[in-house]
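Quick look at what TrEMBL annotates:
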{"type": "BINDING", "residues": "165, 166, 167, 195, 209, 213, 353, 357, 358", "note": "L-histidine binding site"}
{"type": "DOMAIN", "residues": "95-416", "note": "domain 'Aminoacyl-transfer RNA synthetases class-II family profile'"}
């Protein structure tokens, strides 16, 4: 029997010239012939197309019986398919994404940063069903999100929807757990959300969202903590206060203006939804919408004056210093200095956020270049739980999508280079040693190392190419002579160093 090559001989460049394996088998030859030569159709099948092999067998049997329906009279007679199968569109539905490995590496990197920031801030992870009751998201007429729901009736005649955001699901879970929860809650979630909306840069019909929420703290310290966590995230991924910032305001500012003009409180949510469109629709159109819901012309002009304010000093001149809005905002900006992120935030009275459930401080993250839509947004929602029949608790939180931040990192050339990395690639030099190679791979994996096991009988040239593609640190070859001595050949692919290592010393 001819001697089988040693793994260390394979490592030697001069010997490699003589040891270029050429894999050839009668099976592969036969298969290639089959691929190249069309299989003739049996004449008794004619041009008929069959739904399955059962159809073909049944037809063949019928023809063999002279076409007289021989055999059992109750025999299965499948309907023949006479139409050609149509090719499906291999692209994902409009507004959605596939995540091949290179994109999945980026997504995991982003999510890992979300999770790490949440962890160091002492938050616990939660999750909710992607499919929820439609009623959970239908709150007050006029909310843009209501018109964007992916909703339908399920087979049990229940109205359901793919979640467009995470906060209502959080509220539902808090109500469900009730008094068993120990307050305050500091929870975070990373979940897929769906909205049927017009697509623009950084806006898709599905996206992943990072939420952090604090339940049970009425003080502005909660909002200050949340803003601090987002700043920490920005710093982790290489963004500075020169790249991004936060516009901060309070819904109580508008409430104080509307009270002066006798606008009832139940109108407030509708007004905020309209005001949130201030940068999306012409000013005259916004004024018309405000008049339609019952806001007087004088109140509209006063609101527009207040919404143009960009400093707390100017706001205090208009509202005075005694109201809740001024008190909350002053405290927040004071806390921002102590946290160390005062240069990241600025007051902007036009920020009201488009969701009806916000009640106090609101904020949006934005890129200072002005090329992208809001990066993230959030605020206080102290009265959300009663919307679903629960007892209200003080609460605040934010949502941070995955799409806009990736666009910003591309713009700033801050996207990380994330290549696949495997510590070991293990290859048997002979098909008979595939089991031995599997054992080597198992030993390394049980020690926590990553291993790419070559599962086929491949040439060494192919193995080296694959090792390069997956950035393997070591190549481990299982050769016959070494294996008989309880050893394997190990090559360090960065230094080129090669040696034999005992199997029980491999690590």
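Each residue, glycine too, has its Cβ placed from N, Cα and C.
Predicted automatically and left uncurated, TrEMBL annotations should be read as such.
The local packing around residue 353 (L-histidine binding site), expressed as other Cβ atoms within 10 Å of its Cβ over all shown chains, amounts to 21. Around residue 167 (L-histidine binding site), the same-chain residues six or more apart in sequence whose CB sits under 8 Å from its CB are 211, 213, 355, 357, 381, 384, 397, 399, listed in sequence order. Of all Cβ atoms in the protein chains displayed, 17 besides its own lie within 10 Å of the Cβ of residue 165 (L-histidine binding site). Cβ neighbours within 10 Å of residue 358 (L-histidine binding site), excluding its own Cβ and spanning all shown chains: 24.
Just so you know, the Cβ of residue 209 (L-histidine binding site) picks up 22 other Cβ atoms within 10 Å once every protein chain is counted.
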